[in-house]
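First the structure, in the form of structure tokens, and then the observations on it.
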Amino acid sequence: MNDLAHMRTNYVRSVLSEETAGFDPLALFSLWFSEAKEEGELEPNAMSLSTVNTDGKPSVRIVLLKGLIRNEFQFFTNYSSHKGKDIEQNRNVALTFFWPKMERQIRIEGTVTKIPKEESEAYFKIRPRESQLGALTSNQSSVVVSREELETKFQTLEKEWEGKEIPMPESWGGYSVSPNKIEFWQGRAGRLHDRIVFERKNENWIRSRLSP
């Protein structure tokens, strides 16, 4: 670990100009996301979700983007989890995408709400059966005695629901993040990175360039 001071990458892949950024951050996000997929980034829909509880304590974890619906970012999880409890207390969240092959990062700040139950159920029905059973098995973020306890419960539920449609747990569903700030970062040589930020004022997006 003593050589960390000498670890660095020189970013030379691309540039981000005002002309290429345009004035619609959601269109730019969709473009960058498509390019990340084409580049073969590992799980380009993986994003860090940052939450803060009422005591001001932050938490961050990786979740998967499952849709950009009605100009909002959707993900699914257990409502009783640590993140779910934080969100109940504080609806302000942040998302971060990092695509190292593209030398790009996107930061999103906004407010989060639960999506309608019928939309969560529609998504739950198309999940792989093992994932459905996993959601039914796990009381996310609760303490378990051992891995074996989880596997035994999974196997029991697998037999119980064999040949039947697995119901969505009441504690499981989707969230939707309405963005009010989106920042695009493109790595550049000499650490003079490009940073373009969009901030929502009423129904309009205001674009600015930030110093790196």
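Cβ atoms are placed via backbone N, Cα and C, with glycine included.
What Swiss-Prot says about this one:
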BINDING   ARG8, THR9, ASN10, TYR11, LYS66, TYR123, ARG127, SER131, ARG191, LEU192, HIS193  substrate binding site
BINDING   ARG61, ILE62, VAL63, LEU64, LEU65, LYS66, PHE76, THR77, LYS83, GLN105, GLN140, SER141, TRP185, ARG195  FMN binding site
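Recorded features from Swiss-Prot, shown on the structure.
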| residue | record | Cβ contacts under 8 Å, 6 or more apart |
| --- | --- | --- |
| ARG8 | substrate binding site | none |
| ASN10 | substrate binding site | ALA189 |
| ARG61 | FMN binding site | SER48, LEU49, LYS83 |
| VAL63 | FMN binding site | ALA46, MET47, SER48, LEU49, PHE75, THR77, LYS83 |
| LEU65 | FMN binding site | ASN45, ALA46, MET47, PHE73, GLN74, PHE75, LEU95, PHE97 |
| LYS66 | substrate binding site | ASN45, GLN74, PHE75, PHE76, TYR123, GLY174 |
| GLN140 | FMN binding site | THR77, ASN78, SER80, SER81, HIS82 |
| TRP185 | FMN binding site | LEU16, ARG104, GLN105, ILE106, ARG107, HIS193, ASP194, ARG195 |
Exercise for review: Enter the number of other CB atoms within 10 angstroms of the CB of HIS193 (substrate binding site).
Suggested key: 17
**Study point:** Most Cβ neighbours inside 10 Å, all chains, among the binding-site residues LYS83, ARG191
**Key:** LYS83
Review point. Should LEU65 (FMN binding site) be counted as helix, strand, or coil on the basis of DSSP?
Key: coil
Review point. According to DSSP, does ARG191 (substrate binding site) fall in a helix, a strand, or coil?
Key: helix
**Study point:** Per DSSP, three-state class assigned to ARG127 (substrate binding site)
**Key:** coil
Practice item. Select the most exposed residue of PHE76, ARG127, where exposure means the fewest other Cβ atoms within 10 Å, treating these as the binding-site residues. Key: ARG127
